[in-house]
Amino acid sequence: MFASGVVKLTSRCPTWWGLTALTYHYETQCIPTPGAWFAHQLPVWFQKLSVVATYVIEIALPLLFFAPLRRLRLFAFYSQVLLQVLIILTGNYNFFNMLTIVLAFSLLDEEHVGRWLGRAKRKQGSAWPPSLGSLLSTLVELSTYGLLLYWSIQSFGLEIDWEKKQLDSKVAFTYHEFTTWLRAVTLPLVGLGFLSLSWEILVAMYRCACVRGCFWKLWAALQWALITTAAVGLFAVSLVPFTYVEQEASGKLWPGLHRMFNAVERFQVVNSYGLFRRMTGVGGRPEVVLEGSYGGQSWTEIEFMYKPGNVSAAPPVLVPHQPRLDWQMWFAALGPPSSSPWFASFVYRLLQGKRDVVRLVQVDESRYPFSAQPPVYLRAQLYKYWFTSSTQSSPGPAPWWRRQHVQEFFPTVSLGDPTLEKLLTQHGLKDPPPPLSAAAALPRLLRWARLLSRPFPGPAVLWSLYLVAATARLLPALGRRRRGGAPPARHKAPRRGEPPDRGGGERNGQVRRKEPRDPEEKGEGRPRGAAETPDGPRGPRRKK
């Protein structure tokens, strides 16, 4: 999170420095949602304030991950969850945001999660006057919130415009001041992470020492050694890509860390992060529109399942699915066709009518205009797309997009066209792939799974898998709870002289109580936790 916030400023992108990035982001991201259209209609001053909030959540609040006070960690957790939920509502980024939320759960403790599940522990009434430790923790917490608010006001020039009734903001520091600050805090942040990891290792070692039994203590020590080794190794290797945000700090790392990182870099165990380093599509969202024809005179647009095409089609919601072809089409529109050599092969397969490739465009072949016969000619046009305004009026259903033709993206080609053949040969895309062994189990399993999921869209398949996994985890828990039964109700003890309730002869579907082992308690049938009778048929009550 820290690196994602920092690179937005180190890139010197004018939209991030001018706090106007979100006025372009919602309509220019890979695959927006319907919520992105509504967010795009918000006033500019609110968009700027949202950028300020993004900087605070991504740069300042991650420091609270290591705070000793649990309320500060909870504040950091809910801030991160808020940011990720807003991103989910306005953009389709597969499982990335869900993964970030899952990682943020490490900031919680059992007591707080117990409140969600309705198993919160009862707290005793707060004593008055409060203890010195409670006063100090409250003072530190309030001071942290105040310092965070003061830093935000000073760094981003937050000021209320009473005439316009809005909150103005602007970046109140220079690039040199920011890089100086970043150089000063990068290595201390590494030290903070090291101290936090060391504390967790010591606490885990103490818990191992408290385990009873020689065998179990040895088993706990072995687990502690393995997990500690993995955690320390992963932390050490991750320092190299983390310090990429500041090259001088990266050069001060121990050379052995760089050698360790180079040894495992090909496995992509750790990575550097730089989300939305620069805002693309400032002059309009570039979009490639594919067109096909049988005679070369009348052209029909080929509409994809998810990416923008038809201006009247609403943006989709497809989390956690990631349609890779639609994503690659977004990247292809950002540059010339030569930067996306796969596009020539894509056109070639559509001209051949390859059904597997057609299903990447449309699962429902009835929506593919050339399902009966492949097109004879294909070409691609480059357009600029913008979200429509909420004040814009049009006859019929209101469109979501407006677009403008820019230029031709890919020339008109057909099977056997010299231009297409040259591109395929140049990039080695015409040669057939090596055949797979028909006897291999994995290819057969994959073909069978693809055949089963073929009629369904990707989001439906993924959500079905998630629901099956959640049900498989939930049913055993419900079974254990049912076998354990509900906690017995508390009843008042019978009054003096009244016969006690005997629980051994229930019928008609009532639960029959288990015979107690103590012969003196046979026939009593008292519910657990009830007071003993003062005088029963067995004589005076026993002393506890």
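Just so it is clear, glycine is given a Cβ too, placed from its N, Cα and C backbone atoms.
TrEMBL does not curate its annotations; it predicts them automatically.
It should be emphasised that the depicted structure is a prediction, and the values quoted were computed from it without experimental measurement.
Residues annotated as domain 'Lipase maturation factor 1/2 N-terminal' in TrEMBL: 1-113.
As annotated by TrEMBL, domain 'Lipase maturation factor 1/2 C-terminal' applies to 269-411. Here the domain 'Lipase maturation factor 1/2 C-terminal' (269-411) has a mean pLDDT of 92 out of 100.
Residues or ranges marked as compositional bias 'Basic residues' in TrEMBL: 479-494.
Per TrEMBL, the feature region 'Disordered' maps to 479-544.
Among the features that TrEMBL reports, compositional bias 'Basic and acidic residues' is placed at 495-505 (among others).
The compositional bias 'Basic and acidic residues' annotation in TrEMBL covers 512-529 (among others).
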Ask   = For the domain 'Lipase maturation factor 1/2 N-terminal' (1-113), what does DSSP give as the number of helix, strand and coil residues?
value = 87 helix, 2 strand, 24 coil
Ask   = Per DSSP, how many helix, strand and coil residues does the domain 'Lipase maturation factor 1/2 C-terminal' (269-411) have?
value = 33 helix, 34 strand, 76 coil
